[in-house]
Amino acid sequence: VRAGSRSRPGARGGACPPAVPGYGCRGPAAAAMGKETIRVYARVKPLGRRQQAGSYSVDDEEPLPSLEIAVPRDLADGFINNKRESYKFKFQKIFGQEAKQDVIFDSIAKPVAECVLAGYNGTIFAYGQTGSGKTFTITGGAERYSDRGIIPRTLSYIFDQLQKDSSKVYTTHVSYLEIYNECGYDLLDPRHEASKMEDLPKVTIMEDSDQNIHLKNLSLQQATNEEEALNLLFLGDTNRMIAETPMNQASSRSHCIFTIHISSKEPGSATIRHSKLHLVDLAGSERVAKTGIGGHLLTEAKYINLSLHYLEQVIIALAEKNRSHIPYRNSMMTSVLRDSLGGNCMTTMIATLAMDKRNIDESISTCRFAQRVALIKNEAVLNEEIDPTLMIVQLKKEIQDLKYELALVTGKQRTSELSQEELLQLDELIETFLRDNDPDSSLDVGADMRKIKYCFVHMKQIINHPVTSGTKLLSQDISEEKNSNKEAGEELEKLKGLLQQRDNEINILVTMLKKERKKARDALSQLNAISAGSTVLEQSLSMSLEESQSPSRCFSLKEAKDLSSSVPRLPFLSRETGGKMSLGCQEAFEVFKRDHADSITIEDNKQLLKQRFDEAKCLGEKLNEVRNKINHLKGKVIQRQIQRAALGKS
């Protein structure tokens, strides 16, 4: 089964659609795109050493470039025959044998990549016979860096643009599907290290109720930069099925679809844009009678030609206006590329041509197929959807509002109190409502009865206190009252602590006075026998009485005399409290040290500690002297070593 069917004798080349302007998808008008025909390009493969060039010419002067192929009349068929001698086909652009890979990318793939970044789906696929340069165009060559194909250059361009655009948050995933003998395989499955094709996980097609195609077991690998994406591409290429045929030493025996999935979202926006770019490398058609292959290669050729035949059937059905059924389900490849052919996608085709005499018929079939593809119209739509997380938040809020309304209708009362945030929000709503001069304005607080009651209480406060209500709201009054009560409680606790401290100091002073009074009585009995010191005693009594008076305690004159007889004056009662320790606490501590039973032991320990400190200081000085001597000797040793080394070297 051949991919390109022969036309009837005398039939002309397929009509080409009118010129389609370049895809400008990064501007503001990108969202409004009507139906556009598939853009078709042609690329001529350079001839080999032993190949004879066919007769063809390229005309770039017309609105659309045209390719004219001349087929010389075969004398073996006789002089009288109806074969055409020239075929003329039109393309968007024709690339000659000297065209470079970067020119191919800038003209074909770059506009599609820009549309994908803007949120549209895109597809680029290469079609042609085996050995015509499809894989070289899509994937590229491995000999030189400049031979990179459309896929690596597209990855580099996309990640470069994503890095420059900081206004959106992008997420990128890639997938690599291989269709070999009408069976799908995942070339990027991380769980399998395949040594042969059958070890790869099989991909199956599933269709939902909306006729959307889903690929089961096809993994999506996230790629955050160009290096990760290229590593995934190289991994898939190593697992791809290739074989040597008479037409090509490394012929692709399967169809491969490399897909780039991009999701973008602006910060704070509720919409997400999803887009995907299919980069398709089709297996080449070949005539079994010409190549003479057999065995396993023959089976592969049958499946390849059959799938390409089904692809042409879909193309023919889409080109017909009144066709009701499109046979997408005939093959796996047409099912996967359903959106790319007559759907929501911006599709571009590259027809690869081998213009040598032996393959001139296959090149004409490829051009005819390209003309049929150029008649198909796709309608690309901006793929936007609401963020599921934001949608969940909105639905939860709506459910809560409905619960409030239901509680209001059924009369069910809520016992929980309003939070501080809710009270502040209500205050702002009330203040905005009061400042609004529009008579038709309304105060909407929802169906919560608690909020309605709070608003009524606040309105009542405004009516009763019109002066203060303009500046203070109810929640502010409540919060200020709580703060003032808290501050008053803290001040009360401080005063209680200070009062307790003063009571303790007074108790210590009373105890000290009692002890001193007892000692003063014992000393007074001895002083009474001396009459000459009565005058001095009276003066000391009067001075001690004045010094010992306290604002909290009052003592009798007799107790003051007894106290003054033993202690001429109490210095801690006349000294002002200027240090850290209060009056009573410091004096009580001095009395405690003096009267404690271990005071002598403490003094002895202090003297011993001082002696030990002096000894340690002397030992430290000796240690420093020894250390200095060691350092001096060490320096001499190093100097001697240096001198010996110098003498030995000389």
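Here the Cβ of each residue, glycine as well, is placed from N, Cα and C on the backbone.
Check TrEMBL against the ranges 54-106, 478-530, 584-636 and you find coiled coil recorded for 478-530. Mean per-residue pLDDT, taken over the domain 'Kinesin motor' (37-376), amounts to 83. Ranking the binding-site residues THR130, SER132 by the number of CB atoms within 10 A of their own CB puts SER132 at the top.
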